[in-house]
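Visitor: Provided herewith is a single structure, encoded as structure tokens, for subsequent inquiry.
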Amino acid sequence: MDGDNQTMVTEFLLLGLTGQPAKEEIVFGMFLWMYLVTVSGNLLIMLAISCDPHLHTPMYFFLANLSSVDISAPSVTVPKALVNHMLGSKSISYTECMTQIYFFIALSNMDGFLLSVMAYDRYVAICHPLHYTLMMRPRLCVLLVVVSWVITNLHALLHTLLMVRLTFCSRNAVRHFFCDPYPILKLSCSDTFINDLMVFTVAGLVFLTPFTCIVVSYAYIFSKVLKLQSAHGIRKALSTCGSHLTVVCLFYGSILGIYMHPSSTYTIQDTVATIIFTVVTPMVNPFIYSLRNRDIKGALRKIMLKS
């Protein structure tokens, strides 16, 4: 493209999900309600775990980290969309957009890594119960979380730097409520081959590694459970995995396939799936873990009685 005909983009326009003012009012109300529920629910989970000494175990340490990520992830995207709606604005600066992309990628991947670490924790608890304390030492638990943060942040930095190198010309309207990487890539007037290649290779590896860890962990778990003679033992083993499996299915069920195809084929179905794992999943996680977990319910009950 001739340089004289290029108008460099300094901001993007977030058009929302419907493009119709009346429907956007409904979307605003839903997003505000879901965000408040997400923050309050996950804060309660973190408070329950921190206040009850009986919950100071590896499983709940990872759950507290998951809750902190579930607060942070929607906080990267939803507040900006809500503020823009209240101000009657649709703009987001180029710098803000790139920042959203960075934290969106980092926190989304961190969710997957934490779910894989939690799956490994359940594998050790069920398949090696006598060695659980030795294998899941506090230092190892902290190390697993720290390494996960390092990997996800380096991965996010790579994709953000690749995004920054692109040129954005006259088109700057995004049919979304935040700077989702794929819709932004579609606006670029540069060649996005390298970006798409990195999605298929590096991003695919970062996505599939925790997913594979989860699958392998549960393969061993189910193999162990099937060998149990007692029906009570089977129910007890599966009950410790029920909440985690539900969250895994919800998270990976929505994210699988969205970012594993070229950016040019991004559709409205992908937008809906993105909303599920960025807004809906963090909101329902506290309910899944609290409704199916006696320890969490007991800790929350103690907090309410003290207050």
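These residue numbers are counts, starting from 1, taken along the chain as shown.
Heads up, the Cβ atoms here are built off N, Cα and C, so glycines get one too.
In case it helps, TrEMBL gives these features for our protein:
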- 26-48: transmembrane segment (TRANSMEM)
- 41-289: domain 'G-protein coupled receptors family 1 profile' (DOMAIN)
- 101-120: transmembrane segment (TRANSMEM)
- 140-158: transmembrane segment (TRANSMEM)
- 197-221: transmembrane segment (TRANSMEM)
- 242-260: transmembrane segment (TRANSMEM)
- 272-291: transmembrane segment (TRANSMEM)
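Mind running through what each feature is packed against?
Guide: Counting residues 6+ beyond its ends, the transmembrane segment (26-48) has Cβ neighbours under 8 Å at 16-18, 55, 63-64, 67-68, 70-71, 74-75, 78-79, 81-82, 85, 177, 279-280, 282-283, 285-287, 289-290, 296, 299-300, 303 in the same chain.
Counting only same-chain residues 6+ beyond the ends of the transmembrane segment (101-120), those with a CB under 8 A from a CB of the stretch are 59, 62-63, 65-66, 69-70, 72-73, 76-77, 144-145, 148-149, 151-153, 155-157, 159-160, 163, 178-181, 184, 206-207, 209-211, 213-214, 217-218, 244, 247-248, 251-252, 255, 277-278, 281.
Below 8 angstroms of C-beta separation, residues 58, 61-62, 65, 101-103, 105-107, 109-110, 113-114, 117, 120, 198, 202-203, 206 of the same chain, each at least six residues beyond the ends of the transmembrane segment (140-158), sit close to that stretch.
Below 8 angstroms of C-beta separation, residues 109, 112-113, 115-116, 119-120, 122-123, 126-127, 151-152, 155, 158-159, 162, 237, 241, 245, 248, 252, 255, 259-260, 263 of the same chain, each at least six residues beyond the ends of the transmembrane segment (197-221), sit close to that stretch.
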